[in-house]
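*Asks:* This structure is in structure tokens; I'll ask about it shortly.
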Amino acid sequence: PVAMGAGFGAGLGLALASSAFIGGSFVLKKKGLLRLRGRARAGQGGHAYLREWLWWAGLLCMGVGEAANFAAYAFAPATLVTPLGALSVLVSAVLSSIFLNEQLNVHGKIGCILSILGSTVMVIHAPQEEEVSSLESMAEKLKDPGFIVFAVCVLVSSLLLIFVAGPRYGQSNVLVYVLVCSAIGSLSVSCVKGLGIALKELFSGKPVLKEPLGWVLLVCLVLCISIQINYLNKALDIFSTSVVTPIYYVLFTTAVMTCSAILFKEWQHMVLDNILGSISGFLTIVSGIFLLHAFRDLPFSPSLLPVFLQPGKAHPHPSWSTADRHQSCQHQPLLPSEDKGSQSAEEEEEEE
């Protein structure tokens, strides 16, 4: 069972607050950009948005959300914090429909409901990671042979994707650059986890700045984030956002959950129902994000519904009580009408 202590509760609260701030930041920045009437827009190379307080408020919310997300990794398992990042997409979609008059179709509403349900299931069945309370214990985890093998596989596969698959298939296959971002992103989350522990020790008065591991993790984090941003921008430049976003979320979250399970042994002491619950919650969130993004621009009108669900439409089948009801297709003659007429003529001649 999950230990719902103060640390877990703080991590969960920070993860939810991060999603709320990040989701709201998109709406605030969009609202600020829409107010630039008659001035050079950002898409035209202008920088008039720098004088809009709404845009700066959105940027501030983004910073607060990222800081809360960073702090959440220090208290809660990465397997819980990372999937909850999907709620920022939900918050952004709901607030956009309210304040920006962006229509949220039926698929989007179903996707929002699925994301909430999946997040709830994941919180209930979240794994409890092994206790990692210091940089010394973090260093021991990083020396684990299983994690070393995983890190080597990630680096080798990323190099092959960048230098071999990228030049050949990067322009035609969305998975190439997204896989690079996801694989490197799993290592960046491990660095964030270690740095969060280092900050906790720093605030408690320990001489963390003298520890070389903290600086190594910081350098690795900067390199990983740089690679992620570079190749995610390439993927977004080539392919549609509605295609890249759900695929990136699924692959990135899967890679983080795998890395976290290997590094922190989060699943080792879980019972079967919690394992199945975590996987089911994750797949439910994936389904919700897919519906929310993949069908975002698809118009949905009542005419697309089945006839018996359309408002104001009569029942497609006449009542069986009427005398002039039609026969079903199973009782129709197999011969065409012309043959039927010739057959009746032949029958009359025979009778004569």
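Every residue, even glycine, has its Cβ placed from backbone N, Cα and C.
Feature annotation from TrEMBL assigns region 'Disordered' to 316-352. As annotated by TrEMBL, transmembrane segment applies to 6-28, 53-75, 81-100, 146-167, 174-198, 213-231, 243-263, 275-295.
So where do these features actually land, and what's packed around them?
*Replies:* Residues of the same chain lying 6 or more positions beyond the ends of the transmembrane segment (53-75) and with a Cβ under 8 Å from any Cβ of it are 7-8, 10-12, 14-15, 17-22, 24-33, 35, 81, 85, 88, 189, 192-193, 195-197, 199-200.
Sequence-distant contacts of the transmembrane segment (243-263), counting only residues of its own chain at least 6 positions beyond either end whose CB sits under 8 Å from a CB of the stretch, comprise 77-79, 82-83, 85-86, 89, 127, 129, 141-142, 144, 146-147, 150, 154, 174-175, 178-179, 181-183, 185-187, 189-190, 193, 232, 235-236, 282, 286, 289-290, 293-294.
Remote same-chain partners of the transmembrane segment (275-295), defined as residues 6 or more beyond its termini with a Cβ less than 8 Å from a stretch Cβ, comprise 79, 83, 86, 89-90, 93, 105, 107-108, 110-127, 241-243, 245-246, 249-250, 253, 257, 267.
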*Asks:* Which range wins on Cβ pairs under 8 Å with the transmembrane segment (174-198): 6-28, 81-100, 146-167, 213-231?
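*Replies:* Most contacts with the transmembrane segment (174-198): 213-231.
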*Asks:* Using a Cβ cut-off of under 8 Å, list the residues of the same chain at least 6 residues beyond the transmembrane segment (81-100) that approach it.
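*Replies:* Beyond its ends, the transmembrane segment (81-100) has Cβ neighbours at 11-12, 15-16, 18-20, 22-24, 26-27, 30-31, 34, 65, 69, 72-73, 108, 111-112, 115-116, 118-119, 122-123, 189, 245, 249, 252-253, 256-257, 260, 281-282, 285, 288-289, 292-293.
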